[in-house]
Each structure stands twice: as C-alpha cells, then as structure tokens.
Amino acid sequence: METISDMFILVGFSYLTRLQILLFLVFLLTYLVILMRNLLIILLIKLNPSLHTPMYFFLLNLSFLEVCYTSSVVPQLLAHLLVEQKTITIVGCAAQMYVFTILGLTECCLLAAMAYDRYIAICNPLHYRTIMSGRVCAQLVAASWTIGISVEVVQITWIFSLPFCGSNRIHHFFCDIPPVVKMACTDTSKNEIVVLTVSVLFIMGPFLLITVSYICIISTILKLPSAEGRRKAFSTCSSHLMVVTLFYGTALFTYLRPKSISTPESDQMISLMYTVVTPVLNPIIYTLRNKEVKGNLLTRCKDI
C-alpha cells in the first residue's frame, strides 16, 4: 500500500456541491461576528478600569482564546469552499492540529480557573481580593497554557510519527485527531488509548473541578437568607455555567462517544458546534447576562 508523504485532501462539505457559495457566505459572516464580538470584549475590558478584576481578566483571556481557536480552522474552511482541490500538506495538517488542540485544552483549563474564581468570590468573599491577586490570576492562566502546550505537543507529535497510507482523503473539514488517526496504516489502538486517556484526564479533570466548584457554589447560594442575595450571587456565575455547558457538551460528545454512532457527516456537524457555534454564542452570553459589560458597552457607544 502506497505511503502518503506530502498531501491530504480535506473532503469537508464537498458532498454539498450546490451549497458551497451559500456555506461560504454563512461561515464568513459568522467568522466576522466571532472576531468583532470577541475583540470588542477584549477592548472593552482593556479600556475600562472598572473591569480590571479577576473575573474580567479571565474573560479577556477566554475571548483571545476563542479568536485564535476559531481562526485555526475557519479561514482554511472558507478557502476550501471556493476551490475544487481541497488539499493540505501533512506539515500544514500537523500545524493546524497542534494549534487547535493546544487552544482547546488550554480553554478547558481556563474554564476551570474561572470556576475557581467564582468559587472563591461566592464561598469565601472576605478573602477574595487576597486569594485572587493579580499574580495568582496570571499563574492560573500560565498554568492553563503550560498544560495545553505540554500535553498536546507530545500527543500530536506521536500521532504524526505514524505512517499514513492508502487513500489520502480525510472526511472532515479540518485536521482533527479522530479522522487523521484513521488514516494511519498501522495498529493505532495504543494511540486511541492515549487520546482517550488525555480526554479523560485533561478534559474530564478540569470538568470535575468545575463540577465540584459549582456544587460548593450552589450549596453556599442556597444558604443565603434572602431571595435577592441568592439571585445576585447566582447571576455572577450563570454566564460561565452556560459557556461551560456549551463547550463541554459538544467536546465530550465528540471525543468520548462510541464509534458505532459516528459518521463523517455527524462528526462534521458536531465539530461545527465547538469551532463556530460556541465561539459566536459565548460573547453574546457574557454581554447579555452581564450588567457591567452591558453598562460599559452602552457608555462607550454613547461616547462615540
């Protein structure tokens, strides 16, 4: 069987021949919305001293991650919707997978750091400023990046040390781990075990920390004497909870579901959820459900 040494073909949405231009316009508009909304949040936080708090520091980093995360996939998808030859070099495929997986795992860890921030704010409010100092926040963000880079560099380097042979057609619109591993012409059971282990430890690990944090948060909120106090306390973490549900819901379903219910078309639809839909919804969730962000945004708009 001939070994693939230079190029893959990303089949993507080729089966929707008549819809290529429409899909291009939809994804282009969505991508521009993602860029504008996330960059607006970044600028808003940077320009307003009242938003220079741990919660908004993490939100700024999350918005930056979302921009990079989406940009690692969507521009190439847009280009491939306009050309007949949807090729990508193996080096380009590896680079895309490095960037995408590093950013994805970093986001998992960052969401856990944000949950810890909300836990301290609600369960230990008197010591919040002391515990969540600027140095601690920077260390949590740095730790998120360190985990994301160190884990995924090892995993992706191992995947691309495999020999690829046979058909060079990847039934996906970007170089994601499962479809690329399927291209290997060797026993990949060890790689699949490693992928599953990484998913359980470094995706479920942060998810477990988030879950424990919210159990403590909800328990504390329910003990508050007034309904107004409970409402205010819950409103400070509801946006984060919604974002976690969106991100983890699609990620867990993608990487931990049985192979028996997986098809190339369903894989692509689910991937669109966490590469396009979730990044476009997150800024909406944070701006619509956050009075401080909305207030500062309205003030800026009036000044303009």
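In case you wondered, yes, glycine gets a Cβ from its N, Cα and C as well.
Note that TrEMBL annotation is computational and uncurated.
Values in this document were obtained by computation on a predicted structure and should not be read as measured data.
If you look up TrEMBL, you'll see 20-45 (among others) marked as transmembrane segment.
Residues or ranges marked as domain 'G-protein coupled receptors family 1 profile' in TrEMBL: 37-286. Averaged over the domain 'G-protein coupled receptors family 1 profile' (37-286), the predicted model reaches a pLDDT of 87.
Sequence-distant neighbours of the transmembrane segment (57-83) (same chain, 6+ residues past either end, Cβ-Cβ under 8 Å): 10, 12-13, 20-21, 23-24, 27-28, 30-31, 34-35, 38-39, 41-42, 45-46, 96, 99-100, 103-104, 106-107, 110-111, 113-114, 117, 134, 137, 140-141, 173-174, 243, 275-276, 279, 282-283, 286. The transmembrane segment annotation in TrEMBL covers 57-83 (among others).
Annotation comment: TrEMBL describes 95-116 (among others) as transmembrane segment.
Residues or ranges marked as transmembrane segment by TrEMBL: 136-160 (among others).
The feature transmembrane segment is assigned by TrEMBL to 193-222 (among others).
According to TrEMBL, the feature transmembrane segment maps to 234-256 (among others).
Look at TrEMBL and you will find 268-288 (among others) tagged as transmembrane segment.
Three or more CB pairs closer than 8 A are found between the transmembrane segment (268-288) and the transmembrane segment (20-45), so contact between the two stretches is assigned (pairs 6 or more residues apart). Within its own chain, the transmembrane segment (20-45) is flanked in space by residues 13, 51-52, 56-57, 59-60, 63-64, 66-67, 70-71, 74-75, 77-78, 81-82, 276, 279-280, 282-284, 286-287, 293, 296-297, 300, which lie at least six positions past its ends and keep a Cβ under 8 Å from the stretch. Counting residues 6+ beyond its ends, the transmembrane segment (95-116) has Cβ neighbours under 8 Å at 55, 58-59, 61-62, 65-66, 68-69, 72-73, 76, 88, 140-141, 143-145, 147-149, 151-153, 155-156, 159-160, 174-177, 180, 202-203, 205-207, 209-210, 213-214, 240, 243-244, 247-248, 251, 274 in the same chain. Sequence-distant contacts of the transmembrane segment (193-222), counting only residues of its own chain at least 6 positions beyond either end whose CB sits under 8 Å from a CB of the stretch, comprise 105, 108-109, 111-112, 115-116, 118-119, 122-123, 147, 151, 155, 158, 177-178, 181, 230, 233-234, 237, 241, 244, 248, 251-252, 255-256.
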